[in-house]
Every structure is written in C-alpha cells, then in structure tokens.
C-alpha cells in the first residue's frame, strides 16, 4: 500500500512539473511575441526589416540561447504541430486576407490573378518536382518515392510575398499590388489543394486515367471549396440581417461573425476540401454583405479583431520557424554529410527561381495580349518584381514539409530529416536575404516620385485596415460605377472586355436579387433607435 501511494505521489509530482514547464514555455513564448511587435515597430521606418524577418531573427537567437542552456538537447519551447498551424493559425490569416481585400481591384484583375496563382503554381510545381527527381538521384539523401517528389514540388511552389507587399505602395502601383497579393493567396490555396490531392492518391502506378482522375479531383476540390465559402458567407449575412442581433447586443454580432468564419474552415476540413479557399471566399462574401448588416460599433470591432488575429498568427509562425531552425534532432541526421544538405538546399533554391520565371514572363505576355489599354499592361519592370516577390518561402511551405516528412514534429529517417533541414534553410535564406534586397530592387525598377499623396483615408463603407493589402477606398465593392463599366451591346463586347462585361451583369443581379435578400451597402436593416439609425440617416 505504501509503495502504491509513493508511486502515485511521484506521478503527480512529475505531472505538476510537466504542467509548470508548459506554463514557463508559454510565458517565454508570449514574451517573445511582445518583443517581436515592439522591435518590429521600432524598425518600421526603415522598411528594411518587417515583422516576418524580425520574428525569424529573434526566433533563431532564442533557439541558440535555449540550445546552450539545454546542453544541446533542444532549441525550441514548443513542439511544432501541423494541426496547430492548419487548424488555429492559418484560418485567421487567410480569412483576414479575404475580408480586407480590395474587391474592385481583385476582381478587375481576376483572370490574370488566376493565371498566376493557379496555372502558374501548376507550372512551378511541375518544374520543381521533375527537377528534384533528376538532380536528387545523384545525391545520397535516402529513399524518397514519387509521392515525396511531387510533395516537394507543392512545398516549394507555395510563395510568401509579405516583404514585397510591405514595400509596394497600393496607391502608386494598384495593378502590381493587386497581382502580387491576389496571386499569393490563390497560390497558397492551390498548393494546399494540390498537396491534399497528392496525399489522397496511390501514385505508385501512374497512367493516363490516374492523371485525369487526379486533375478532376483537383478542380473538384477547387470549385467545391469556393462554393462552400460563398454559401457560408451568405448564410451569416442572412441570419444577421433577419435577426438583427445588434438591437440587443453588438457582442453577439461580432461573436457570430467570428464563429461563422471559423465554421466555414472547419466544414471544409470535415468534407476533405480546401479550408484556405473556403475561408478566403467566405471573408470576401462577409465583407460584401454581412459586414454592412451589423452595427457601426461592430464594424469597427470586427475590422480590427480580424486584422489583429491575423497579425499575431503570422508572428507566431515565423517566430517558431526561427526557433525550430536549430532543432538538434533534425540536424544530427545530416551532420555526417553537411555538403549533401547544402547541395539539396541549393538545388531547391535554383529550381524555385527557374520554376517561377517559367510562368511569370510567359503568362504576363499572354495577359498583355488580351489588354488594349497600355496602363493595364504589365511592364517588364513589374514582371521582374512579380517574379522576385514569389521567390520567398514561408509558413505554408514549412507546414506542408512537416506534414509530409515528420510525425508529430519528430523525424526518424535520414531522407526526411534532410528535406526538413533543407526547407528550413530555403525559408530562412529566401525570407531574410531576398527580403532585405526587396526595397532597393523596387527602388531601382519602380522609382517613385519625390512628392506623393498620402495613403487613402479609411472609408466607413469598407472593412479597411492600413496594414493589409488590397484595401478598399471610396466605394470598394463588387460593383463598379456606371462610368467604369460600359453597357455591353453585343457578343463582341463580351469577347473584347470579358471582365467589365461580367461586372456589369453581376452589378445588376446583385442590386436586384442578392442585396435585398442578404443585405449589404444600401440595404442595412433600419430599426428606430438602433445604433445604425444615425449612420443610415447620414
């Protein structure tokens, strides 16, 4: 009996010690997040260092300190989990991108954005995958099957254009800004959809029918994920418009918007769809309909709440990537042959650059052929900036690499360890080196006039945040003014200006059917004595 009592007591003490260690780790991690925000703010004026690079540098520095304190046993406070990334950190980032997107600019360049983000990603994936198959055969990196090589293509086809977006000015180069940001979001979604499609297929026996089935599954995931996001956004707009929670409590409105946004992502995961696409288009629909149905205070609250959650999630990811870059468990596998790891990282970096160039310049040429106005065409300087902006790799690449080559954050095979360390090397190198060179490159290629107008003022009709790309000004919505979209008179007009023509008919349908049913600008519920009465009267 005494032995059992002492055994239970020892277990409880170990459990208490473990809980305390977790609390200590979380305290240190939160303190580091605060340090990233403060230091990022102090470096804001230089624009050489952004929050992503700052978090990476602080993460690496912290990893070195922890490595020294632990005697070389560990370099991070938390164990990375791809579930943590995909379920908790990625949704607020992608939703906020859709919620704050400047819809007029996004949909005006929608065809070009889809060309770069979807078709371009497929081209880049093909070049990286087959390039890896050819070059890695001569390197001793362990056993990788065809599924691993195709996964490597998706991992390094996922871009991260944060550094470029923070340097570009959306007022001076609206076309370039919309293309870089729009392509980045569609690229991430395409990469994840492609990655999921690869994991769901038996690629040991490839033939023509398997290839067509694979492409069919890819487009099925793409379309159904988008449709689910749109339907969830419309459902949230309909519920809030009909019940009008704001007459009693604005907190309920804000809570319902947040939960419905997260529900769209989890529904996509439940049905094995792309949560990124779903939550992105849910954000677009919510900003067009739902956001206009809530009270004025709820609009301000949701605008900043979504932006803040996205901001913290991005810093969290880069901070952890910096700390995990020195994980001793992974580097032990490659310590006996550092040349191999360097060679793999170099090959991957070259393939990334070649794969991106292989679609940016040809697709830009095709896009320019379809445009008559010289101002809408992509100049060669802008094409170089678009190419450069997609060379940086970030959190999505890390998460996909961990998903493919680790189990619960741990690696036991040499080939998997080499791929993880190579991914970390490419992410660190591309983010820091290319990120630091982004500002001088853009200054050389796109010189700005000395006297420029200030940033556009915030418009109460748009969920605008100055820190997020493609933000709306004036009446930013799906619709265009009458002067923007000439009335199409024939099939020829549809063929010559397809985007403007589609927008013309969409505006008529939106005003006649969608807004009266789901709300939106001009159809805000009116309740006497409510917080929206004053704004409606104005």
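Every residue gets a Cβ built from N, Cα and C, even glycine.
Feature annotation from TrEMBL assigns transmembrane segment to 20-43, 55-72, 84-101, 113-137, 218-240, 304-323, 343-363, 384-405, 417-437. The annotation domain 'Cation/H+ exchanger transmembrane' is assigned in TrEMBL to 32-442.
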Could you check if the transmembrane segment (55-72) is in contact with the transmembrane segment (417-437), meaning 3+ Cβ pairs under 8 Å among residue pairs at least 6 apart in sequence? yes
Who are the chain neighbours of the transmembrane segment (113-137) in space, where the CB to CB distance is under 8 Å and they lie at least 6 residues beyond its ends? 106, 144, 146, 149-150, 152-154, 156-157, 178-179, 182-187, 189-191, 194, 222, 344, 347-348, 351-352, 354-356, 358-360, 363, 366-367, 386
What same-chain residues lie close to the transmembrane segment (417-437): Cβ under 8 Å, and 6 or more beyond its ends? 48-50, 52-53, 56-57, 60, 141-142, 144, 148, 152, 155-156, 160, 163, 318, 321-322, 324-325, 330-334, 340-341, 344-345, 348-349, 352, 388, 391-394, 397-398, 401-402, 404-406, 411
Most CB pairs under 8 Å with the transmembrane segment (343-363): which of 218-240, 304-323, 384-405? 384-405
How about the transmembrane segment (20-43) with the transmembrane segment (304-323) - do they touch, taking at least 3 C-beta pairs under 8 Å (6 or more apart in sequence) as contact? yes
What parts of the chain pack near the transmembrane segment (304-323), using Cβ distances under 8 Å and only residues at least 6 beyond its ends? 29, 32-33, 36-37, 40, 51-52, 55-63, 66, 75-78, 80, 85, 88-90, 92-93, 95-97, 99-100, 162, 254, 258, 261, 394-395, 398, 424, 427-428, 431, 463, 465, 467-468
